[in-house]
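Engineer: Dumping the structure here so I can ask a few things about it.
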């Protein structure tokens, strides 16, 4: 009896877990975001060859965040991380107007994968502190987010170095994870 009550309470109040895949073009700020969330500070990063994985605790949810390198040569490896992914964080360098079309193509390619059909999509429009940065509405348009019909998505203006917008993004993920949970 006591065990079943504790199981019930744990189900109601226990820690939920969410597997997150964080991707985007190279130099978008994925690793900086990961360690700003994990450590609360800016770390010096080098281009990610392979992946970084960290657990980030937020509002009784344990987010396991897989930060996968974004160079064009290693993007085909992203698919190896798709299984059991509940949420995708797609990071865009808001200042990189030359590559926004490339970002859109990579995002659309990934979202067409069957293994990710139920995954939530959070887009971080990163580097909002730069003077020429595209705002969230412009990035929404350029990525074609309004055409996504069967997917929950959200775009959040962010600045990885200051932390602006990062927790608002996690807030959206946590609220929508709870909505999808049984």
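In case you wondered, yes, glycine gets a Cβ from its N, Cα and C as well.
The following feature annotations were taken from Swiss-Prot:
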type: LIPID; residues: 2; note: N-myristoyl glycine
type: BINDING; residues: 24-31, 67-71, 126-129; note: GTP binding site
Engineer: Using a 10 Å radius around its CB, how many other CB atoms surround residue 128 (GTP binding site)?
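Structural biologist: Counting Cβ neighbours of residue 128 (GTP binding site) within 10 Å gives 20.
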Engineer: Counting other Cβ atoms within 10 Å, pick out the least crowded of the binding-site residues 24, 27, 30.
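Structural biologist: Each of the binding-site residues 24, 27, 30 was scored by Cβ atoms within 10 Å; lowest is 27.
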Engineer: What's the most sparsely packed of the binding-site residues 68, 71, counting other C-beta atoms within 10 A?
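Structural biologist: Ranked by other Cβ atoms within 10 Å, the binding-site residues 68, 71 bottom out at 71.
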Engineer: Under a three-state reduction of DSSP output, how is residue 27 (GTP binding site) classified: helix, strand, or coil?
Structural biologist: coil
Engineer: I want to verify one value. Collapsing DSSP to three states, which class is residue 128 (GTP binding site)?
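Structural biologist: Where residue 128 (GTP binding site) sits, the three-state DSSP reduction gives coil.
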